[in-house]
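Okay, so here's the structure we're looking at.
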Amino acid sequence: MAFDIRSAFSKMKRFKPHLLMIMAQMCYTLLYFITKASFNKGLNPHVYVTYRHVLGGLVVSPFAYFLERKVRPKLTLALFLEIFLLSLLGIGFTVNMYFASLRYTSTTFVTSMVNTVSSLTFIVAVILRMEFVDVRNPRGIAKIVGTIISLAGVMIMILYKGQAMQRLKGDLIHIGNNSTHEDWIKGSILTVTSCISWSVWYIMQGFTLKKYPAQLSLTVWINCIGGAQSGVFTVLIQHKPAAWSITSAIDFLSIIYGGAVCCGLTLFLQLYCIRHKGPVFVTIFNPLSTVMVTTLAYFVAGEKLYMGRILGGAMVIAGLYALLWGKEKDQECINTQQKSVLNKEPGKQISSPAETEEIP
């Protein structure tokens, strides 16, 4: 019996990263509905981003201080300016546009578009010669075909609406009326632009982490600096002091949940899984949030679903998995080559470039 218990515990431990990533995607799924309801009630998306990231930085800061005291490098002026630019691109620009697009579109559309970030990051990496594509083997072909399919799915989602699926008679959860804010052209432009800048942000993170490898401390800096930048931007475009006041319970809940859970707890779950399984493993679970959001949006919140956006979303996910398959096979090939070199030269150590991935 004791052997069976140990065996069961060992199996559960092996699947721990899988369960943690499922939990993380569930957290993000709930985030979309809470923020959507809050925006429909009148909360300014830029005010939300400011409060959320300042709170997220405060939540993570104690863990960063105690866990990274011995590994945190000295923060020079040049490094601070680099983190300032990283925060400006990632939060001041990307996250503000991302949540603003949620106000003008739907949760299903936004979560489907997020899956294109991996493909866009791949394109940027190829342009910057950080990613090598060998068109003579199935790995390279899979990455190219996956990227093309994913981008084709985006174009279908934007340009083709299609027939609406019949809605349910009643909404189990009412997230507010969005008819006064809906603007699909404006929302699509904001979403696509945020995904492109999000991809560039991932590339920049790789450079900054080489100079400042303390991930939790870097997260605190990005959250706090980005939150301050967002605050300045919001003051410039929103001159009414009343916009900063929290007038309803859903506004308070969306800020607390977005900051403490999604910028705090969920980030820890992702860092743990990246450390033990790698960033490709984490990315594979991203479409799970799309599926859960689409299901809840239709069956629970009564959101309209259109055939064009369902078809486009399916193509985006299919392209994403083709791209990830190619990248994973590339990594397996690199690992095999490294093991071969180490076997020939036992005293030689080879390190592969560190990778990082973060979700707003």
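Glycine residues also receive a Cβ, built from the backbone N, Cα and C atoms like all the rest.
Marked as domain 'EamA' by TrEMBL: 18-158 (among others). The domain 'EamA' (18-158): residue composition by secondary structure is 114 helix, 0 strand, 27 coil, according to DSSP.
Under the heading transmembrane segment, TrEMBL lists 20-39 (among others). Within its own chain, the transmembrane segment (20-39) has Cβ neighbours under 8 Å at 45, 48, 99, 102-103, 107, 110-111, 173, 175-176, 178, 181, 248, 250-251, 253-254, 257-258, 261-262, 265-266, 269-270, 272-273, 281-282, 285-286, 288-289, 292-293, 296-297, 301, 359, counting only residues six or more beyond its boundaries.
Residues 91, 95, 214, 216-217, 219-224, 226-228, 230-231, 255-256, 258-260, 262-264, 267-268 of the same chain, all 6+ positions outside the transmembrane segment (51-67), place their C-beta atoms under 8 angstroms from a C-beta of that stretch. Look at TrEMBL and you will find 51-67 (among others) tagged as transmembrane segment.
Annotation source TrEMBL lists transmembrane segment at 79-100 (among others). Cβ atoms under 8 Å from those of the transmembrane segment (79-100) belong to residues 35, 39, 45-46, 48-49, 53, 73, 110, 190-191, 193-194, 197-198, 200-201, 204-205, 208, 211-212, 218, 221-223, 225-227, 229-230, 233, 358, 360 of the same chain, restricted to positions at least 6 beyond its ends.
Residues annotated as transmembrane segment in TrEMBL: 106-128 (among others). Residues 32-33, 36, 98, 143, 146-147, 150-151, 153-154, 157, 178, 187-188, 191-192, 195-196, 198-200, 202-203, 283, 286-287, 289-290, 293-294, 297, 301, 303-305, 309, 312-313, 316-317, 319-320, 323-324, 327 of the same chain, all 6+ positions outside the transmembrane segment (106-128), place their C-beta atoms under 8 angstroms from a C-beta of that stretch.
Per TrEMBL, the feature transmembrane segment maps to 140-160 (among others).
According to TrEMBL, the transmembrane segment annotation covers 184-204 (among others).
Annotation comment: TrEMBL describes 186-324 (among others) as domain 'EamA'.
Summarising the annotation, TrEMBL assigns transmembrane segment to 216-237 (among others). The list of residues near the transmembrane segment (216-237) in space but at least 6 beyond its ends in sequence, with Cβ under 8 angstroms from a Cβ of it, reads 44, 46-47, 49-54, 56-58, 60-61, 63-65, 67-68, 72, 83-84, 86-88, 90-92, 95-96, 208-209, 243, 263, 267, 271, 358.
Marked as transmembrane segment by TrEMBL: 243-268 (among others). If one looks beyond the transmembrane segment (243-268) by at least 6 residues along the same chain, the residues whose Cβ comes under 8 Å of a Cβ in the stretch are 24, 27-28, 30-31, 34-35, 37-38, 41-44, 47-48, 51-60, 63, 219, 223, 234, 358-360.
Long-range contacts of the transmembrane segment (280-300) within the same chain, counting only residues at least 6 positions beyond its ends with a Cβ under 8 Å from a Cβ of the stretch, are 17, 21-22, 24-26, 28-29, 32-33, 106-108, 111-112, 114-115, 118, 165, 167-168, 171-173, 270, 273-274, 310, 313, 317, 320-321, 324, 327-328, 331, 357, 359. If you look up TrEMBL, you'll see 280-300 (among others) marked as transmembrane segment.
Residues annotated as transmembrane segment in TrEMBL: 306-324 (among others).
The region 'Disordered' annotation in TrEMBL covers 340-360.
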Point to revise | DSSP-assigned states of the domain 'EamA' (186-324) in counts, ordered helix, strand, coil | key: 120 helix, 1 strand, 18 coil
